[in-house]
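> This is the structure, below, for whatever I ask next.
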Amino acid sequence: MFNEKDQLAIDTIRALSIDAIEKANSGHPGLPMGAAPMAYTLWTRHLNFNPQSKDFFNRDRFILSAGHGSALLYSLLHVSGSLELEELKQFRQWGSKTPGHPEYRHTDGVEVTTGPLGQGFAMSVGMALAESHLAGKFNKDQFDIVNHYTYVLASDGDLMEGISHEAASFAGHNQLDKLIVLYDSNDISLDGDLDKSFSEDTKQRFEAYGWNYILVENGNDLDEIDNAITQAKSQQGPTIIEVKTIIGFGSPNKAGSNGVHGAPLGEEERALTFKEYGLDPEKRFNVPEDVYEIFKSTMLKRANENEEAWNNMLKNYSEAYPELAEEFKLAMSGKLPNNYADALPEYDLNHSGASRADSGEIIQKLSEFVPSFFGGSADLAGSNKSNVKEAKDYNKDTPEGKNVWFGVREFAMGAAINGMAAHGGLHPYAATFFVFSDYLKPALRLSSIMGLNSTFIFTHDSIAVGEDGPTHEPIEQLAGLRAIPNMNVIRPADGNETRVAWEVALESEQTPTSLVLTRQNLPTLDVDKQTVENGVRKGAYIVFETEQQLEYLLLASGSEVNLAVEAAKELEQQGKGVRVISMPNWYAFEQQSSEYKESILPSDVTKRIAIEMASPLGWHKYVGIEGKVIGINSFGASAPGDLVVEKYGFTKENILKQVRSL
């Protein structure tokens, strides 16, 4: 089945990776040199993926979780016709399509951004979850309209990361059949021999999760690799294939050592290695025509045939199930149904509710009118109000179910949501307590880097949590999330702001959203619908203003907005001119014009107070050197919530006191 041309192709891929790294004088040659045979076998014999048709919905997904081995992926993309050779020559250089670690939306053929070890593995679980759910929802007899695999190339480091344990446990529990992990098991980590830090029995570990385990003893045996992948595709449940490789294979002096993990070979070792491969070291970035032909006649031919057959099946599916087909096409587009927002609840002045509860009510309507809406909670659905009441649970028996039980696996949940968003066909969300956002912070960051439409629900947003005490009362989390570029961090002040916050979350196609919601009830602000709609979308707006000459600005978010209004009304009775500004989304506000910002925060009004039950970090930008911030510079306390709030100075009386001190 395999012949000398296959070996030439593998060694060419190795050589391209080496040359790219040598030219950049930066990179990780060890993994591409060791893992090239398994990647080649997967791409030429199994992968249903055409880089030139990168948006084909039913393609297989390939995730290089070991993102430091990016030169391998770029070499594969080149020989399969997606990436120009010149881009390999610009590896890790400014403006190139070959950055140090693979970047989603930056390079065609890269499914997700990887590099932070373990996250690619966990995002792959999310992709397999998306495939399973969409297949359960749309597939019919003779119409497997969603039917593809998620393949992962993972390293020792990926499997050491804690997130891999969370994600593997979840995948095994849910028996995600279409998930296949190729584990590059080379017994070397960056610092040295793996046995200095890692001695797990991979077989026992993954079988305990409910995975299938296959061992490939020789990572250069193409038939053994091919047979293992074929076997994995025939089994129920996820499969990990441990492929024993030699890091830096072919390097006479560095193979099998950590010296080849993260540094160029050097010119002398490069020449020796090329001779080991039977290649001419004088030729750089050389790709024989036979190598291109192999990929054209195998991978690309197969992918084109599969895509053509799928398009014909979709046409027949559309005739047999027209309504379902329209829903599927809308899901593939990533768009929302027209006028979906008209179905969302509006709240009058008689309403008082926790923003988490209002969000829960909104979620019921979103699930009804946005079929692609899908997600769950990290074992806090009852508290987060995040489950869809009329929907089934997602599991292996009811994959069409809409409520995902992520369990107490916050980090894996966050990464899985990102995987689902990158997969397409869904508007995914995840939920937990705000204080536990720290557990999934790296996934939040990666969602922003990738520009994903991921939504994260964070409830119990302040010291008003009360009795649970400082471990469960967020302080620094708001400032931390606001510091992430390209992240909507929305802390709504009432049910109507919460409604618009959800609209922003779903409509922000390339910006993830964190919804920061209260446990305690909030009265409805006396503001008309259009003002709220426009104001929340712009990040800050006026919710109350006296008729007197403007003298004071009170800025707040969330539950503190109503407190600011109460203080402003007292000041109004004293004849003071005061404006209250709700600032639910700093990120959106910073994108507004200078004219809009000036209309909200007039520069000639310097007596300003910001009120927020969190770290004051960041507010000084808005209050200026003459202003004050009523915030919290310590951790919370355990007591009834109302008492804790009072003790920390979040009272009308303290606001008035601070105003008088200006």
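Cβ from N, Cα, C; glycine included.
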> May I ask you to find which of His46, His261, His351 Swiss-Prot records for the thiamine diphosphate site already listed with His68, Gly115, Pro116, Leu117, Gly157, Asn186, Phe436?
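Checking His46, His261, His351 against Swiss-Prot: the thiamine diphosphate site match is His261.
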> Starting from the Mg(2+) binding annotation in Swiss-Prot that includes Asn186, Ile188, which of Asp156, Asp158, Asp201 is the extra site residue?
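Checking Asp156, Asp158, Asp201 against Swiss-Prot: the Mg(2+) site match is Asp156.
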> From Arg284, Arg356, Arg409, Arg491, grab the residue that Swiss-Prot records in the same substrate site as His28, His261, Ser383, His460, Asp468, Arg519.
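Of Arg284, Arg356, Arg409, Arg491, Arg356 joins His28, His261, Ser383, His460, Asp468, Arg519 in the substrate site that Swiss-Prot records.
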> Taking the residues His28, His261, Arg356, Ser383, His460, Asp468, Arg519 listed for substrate, what is the greatest CA to CA distance in Å, to the nearest whole number?
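So the binding residues stretch over 49 Å, Cα to Cα.
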> Asp156 (Mg(2+) binding site): which of the recorded positions His68, Gly115, Asn186, Glu410, His460 have a C-alpha within 10 angstroms of it?
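Close recorded positions: Asn186.
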> Looking at the binding-site residues His68, Pro116, Leu117, Asn186, Phe436, which has the shortest Cα distance to Asp468 (substrate binding site)?
Phe436
> Let's check the environment of His261 (substrate binding site): how many other CB atoms sit within 10 Å of its CB?
23
> Any same-chain residues 6+ apart from Leu117 (thiamine diphosphate binding site) with CB under 8 Å of its CB? Would you list them in sequence order, or say none?
Ser65, Ala66, Gly67, Ser155, Gly157, Asp158, Met160, Glu161
> Work out how many Å separate Pro116 (thiamine diphosphate binding site) and His460 (substrate binding site) at their Cα atoms, rounded off.
29
> Check the Cα-Cα distances from Arg356 (substrate binding site) to the recorded positions Asn186, Ile188, Glu410, Phe436 and tell me which is shortest.
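Considering only the listed recorded positions, the nearest one is Phe436.
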